[in-house]
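The next block holds one structure in the form of structure tokens; read it before the comments.
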Amino acid sequence: MLLIRIRCPLQKLLLLFLSIMATNPATAESMGHGGDEAALLAFKAKISRHSGVLGSWNQSTSYCSWGGVTCGRRHRWRVVALDLSSQGLDGTISPAIGNLTFLRSLNLSFNGLQGEIPPSIGSLRRLRRLDLGVNILTSVIPSNISRCISLRVMRIYSNKGVQGSIPAEISNMPSLSYLALANNSMTGTTPSSLGNLSRLTVLSLAVNYLEGSIPAGIGNNPHLSFIQLSINNLSGLVPPSLYNLSSLYLLSVAYNKLHGRLPSDLGKSLPSIQDIGIGNNRFTGALPLSLTNLSTLQIAKSYNNEEEWKFVDSLTNCSSLQMLKLGWNRFAGKLPSSLANLSTNLLWLRLPSNHISGVIPSEIGNLASLQRLDLTDNLLSGVIPESIGKLTRLDELLLYMNSFSGVIPSSIGNLTDLTILNAYGNRLEGKIPPSIGNLTKLSALHLSINNLTGFIPNEIMELSSVSMILDLSHNLLEGPVPLGVGNLVNLELLMLSGNKLSGKIPDTIGSCRVMEILLMDDNSLQGSIPATLKDIKGLIQLNVSQQTEWKHPW
């Protein structure tokens, strides 16, 4: 009888417990999936440093409330997302991550994670997004990652230790639409099987060591809108199939060993193209004139190829053109005045290292949105037009290594957003305009190797923003070094060599505490070296030697 009395209460307690569990499935689920909590704690154990986000990861609270952790709505105690991007994580990725079998999104980008990409990630069959970009991972991409059959986005970029070949098995992911493996150290060829990814829209494999030809099958992906293959060792022809992708808005194959001619109907077969980059290859011929009918073309880049001005003349039809970069080509002849008729949306105009002659058209001021103008290393001559002062959004003005003459226009003082002004190696003459003192954002001023005369304007010495370099060397400047030189408190390089400067080096020079290079040699300076120079602790090069007979480099 005693045994019967004991069993009955136990049976009642058991029935009560089971009824509670049945009416509260969340409780049952939380007790039944402690594996997710264990996997997260195992992940934490491999992290040696973090910004504090893992401070909440302890068993005193529910793991679904831990920082970066998201649990599901339907399966309320299963981890469906882990987002620890930009959390200062150092350490390795625990293989236990593969135990989070309900995970749909894993974002560990922008950290300092090292070691291998654990093959256990291949167990995450529900995973849709994988982002391991910008870490210090050192391994191959495991081939069994292809078991993540639900994956749509794979971003494993900017890990210089990620090497080996691109797994051909990636093609077994039928839902993959975004593949970014750029800026790694991957080798081998581009798998032809990538052509089987029928939903692929973005393919970014730039800045690796890939070689061989571009697989023609890639052009079979009808939804591709972004192809970035630049800075590899790819060779051969660009497959014609790539030129028939009507959704493509970016195509960049620059800095490879590709050759051949671009098809003449490129502008028709790629009606959506906005950015085309073919520079530093072995292409022949000009960019097709058919591209100039595209109002959507925003960026055109072509370096180290054969080009003709005819193409540039026709770009006036591209009303959305924002960047035109045609440096290091074989352009010759005069700079066409049609450049001034390019899109008013143009932000960058870069034509460096060609054989361009002629003058800068005065209509250049029409390009009111221009932020960067680079005409360096050409054969341009004539004056710098006063109208350049209309380019009030200009950030960089690069005119060095040409044959410009005349004075520096005072209107240059209107360019108040300018950070770099470089016009060295020309034949500019006259005085340095004091209006340069209006350029309060200027960080670098290069006017060396010209025929500039007169005193150094005090206004230049008021530009405390000048931090990189102030180079007025090898001109015909005279008079004293302005006392205001002490205002250049952020300047690292001051170069006044090879002028006719006289008087003493001002004591105020000692206020330039961060200066590293000070060159005032080959002038007519007198007196002793200022004792205040001892205050410039980081000075690594000093030359103030003088000569009695000054010689100009021209």
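Keep in mind that glycine also has a Cβ here, set from the backbone N, Cα and C atoms.
As recorded in TrEMBL:
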- 35-71: domain 'Leucine-rich repeat-containing N-terminal plant-type' (DOMAIN)
- 78-208: domain 'Disease resistance R13L4/SHOC-2-like LRR' (DOMAIN)
- 345-450: domain 'Disease resistance R13L4/SHOC-2-like LRR' (DOMAIN)
- 1-28: signal peptide (SIGNAL)
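Helix first, then strand, then coil: DSSP counts for the domain 'Leucine-rich repeat-containing N-terminal plant-type' (35-71) stand at 18 helix, 6 strand, 13 coil. DSSP assignment over the domain 'Disease resistance R13L4/SHOC-2-like LRR' (78-208) gives 25 helix, 35 strand, 71 coil. The residues of the domain 'Disease resistance R13L4/SHOC-2-like LRR' (345-450), classed with DSSP into helix (H, G, I), strand (E, B) and coil, number 20 helix, 29 strand, 57 coil.
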